[in-house]
Amino acid sequence: MPRDRRKFYIHTFGCQMNQADSGIIAALLEQDGYQQASSEEEAGIIMLNTCAVRENAVERIAHYLQHVKGFKRKCPELLVGLTGCIPQYRREELFTVFPVIDFLAGPDTYRVLPVLIAEAGKGRAARLDFNPFETYDGVTQARTQSLTAFVPIMRGCNNMCAFCVVPFTRGRERSHPFGSVLDEVRALAESGCREITLLGQNVNSYHDSQSGADFSRLLDAVSREAPETRIRFTTSHPKDMSHSLVETMASRPNICNHLHLPVQSGSTRMLARMNRGHDIEDYRNKIELLRERIPGISLSTDLIAGFCGESDADHCQTLELMREVRFDSAFMFYYSVRPGTLAARTMPDDVPEEVKKQRLQEIIDLQNGISAELLRLAIGSVVEVLVESESRRSSDQLMGRTGGNRVVVFDRGIHQPGDMVRVMITGSTSATLIGRAAENQH
């Protein structure tokens, strides 16, 4: 199949923000006359939209570029680009490490991609500048499906957590205009979107410079703008989790009863070393408030094992917090040095790798047990499920999520993706609820 120089293919790695950014990239290129290819085999431009949060991110990119290299051998005119956080983080050295790459674009430079692609046709090109004002306001993402949508409300991060590269890859915080967010939400709801997730590195620090609106006010307005649409948001920083935000979540019925609230460690000493800006008692108090005001709320978190200077006692405090809070789920990793971060510059990576791995395994084992038990406790209940797709295992079954973000699989019957279905839970696996459509759907 011949490759079309005006067709592009985007392979997205990493977080929801990257998925939203891929939609922005596609929209900007389509405005310039490019078309999105249905497969990488027909595209004249292949872009990898990348994430730099974990150490293995570059390894994943390297593996995929080996795959792309075969395409390039057969078609030397094929253009290969890296966008997103890895180009911003590793910069022009990537041209040396990966000769197959033709162009690099950082997260603030997507508006000039058509120019960059034209330059790359003549030789390697890069745009890696930070733009403290860029929010891509006015760009409507190109979306491949209409049931769920990500809506970025801010970009960048001002929190200098010691382990994190995000401030170095996405720059300082800037918030999308209040009215623009509401316009996008309204358009999505009118098009039939059933669930909208508001995105930001730290949504809790949202601030609209014109109206003075904070995140709780924005969230309330969004939920009223799309009252028949489920509303989620991620990610929240514990230090900025306000009482007013909790009250908004409790008072609006279409805001999902799920919160991702990364804690990273159960030790106040480690939180201070991580520069998290709060202690563990503050975190506990916020969990208590959430459970008091939103009974049945589902909680998830992030946990890092083996950060610089972590002792056995610090690790045990993390396990203790997990047993106390009983998170529904967690993203769990062991610490890896990210060059340029505060930890890399000022702290020795002094926990042996085998100890990191052992501690991580203890965290994973404990969380898996808690998650499985919480799912078993749901057996016999009736939950409301937004159907997202057919089950991967069988077209006779459907898969969806509860407001608490639990995955549910049930027999299809008369239902279709996009339906909101009341499901009687009859069983569970380690990560999934199993059920059947309830007889009473009202």
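Keep in mind that glycine also has a Cβ here, set from the backbone N, Cα and C atoms.
Across the residues of the domain 'MTTase N-terminal' (6-122), the predicted structure has a mean pLDDT of 94. The annotation domain 'MTTase N-terminal' is assigned in Swiss-Prot to 6-122.
According to Swiss-Prot, the feature [4Fe-4S] cluster 1 binding site maps to Cys15, Cys51, Cys85. Counting every protein chain shown, 21 other Cβ atoms lie within 10 Å of the Cβ of Cys51 ([4Fe-4S] cluster 1 binding site).
The domain 'Radical SAM core' annotation in Swiss-Prot covers 143-373.
Counting every protein chain shown, 23 other Cβ atoms lie within 10 Å of the Cβ of Cys157 ([4Fe-4S] cluster 2 binding site). Residues annotated as [4Fe-4S] cluster 2 binding site in Swiss-Prot: Cys157, Cys161, Cys164.
The domain 'TRAM' annotation in Swiss-Prot covers 376-439.
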With every protein chain in view, what's the tally of Cβ atoms within 10 Å of the Cβ of Cys164 ([4Fe-4S] cluster 2 binding site), excluding that atom itself?
20
Where Cys157 ([4Fe-4S] cluster 2 binding site) and Cys85 ([4Fe-4S] cluster 1 binding site) are concerned, what is their Cα separation in Å, rounded?
13
Write out the long-range same-chain contacts of Cys85 ([4Fe-4S] cluster 1 binding site), meaning residues 6 or more apart in sequence whose Cβ is under 8 Å from its Cβ.
Gly14, Asn18, Thr50, Cys51, Ala52, Val53, Pro107, Val165, Val166, Thr169, Arg170
Given the recorded [4Fe-4S] cluster 2 site (Cys157, Cys161, Cys164), which additional residues of the same chain have their Cβ within 8 Å of the Cβ centre, ordered by sequence?
Asn159, Met160, Phe163, Val165, Val166, Pro167, Gln201
Rounded Cα distance in angstrom between Cys161 ([4Fe-4S] cluster 2 binding site) and Cys15 ([4Fe-4S] cluster 1 binding site) is 18
Give the number of CB atoms, excluding that of Cys161 ([4Fe-4S] cluster 2 binding site) itself, located within 10 Å of its CB.
21
Note on [4Fe-4S] cluster 1: the CB centroid of Cys15, Cys51, Cys85 has further same-chain residues inside 8 Å, namely Phe13, Gly14, Met17, Asn18, Thr50, Ala52, Val53, Ala57, Gly84, Thr169
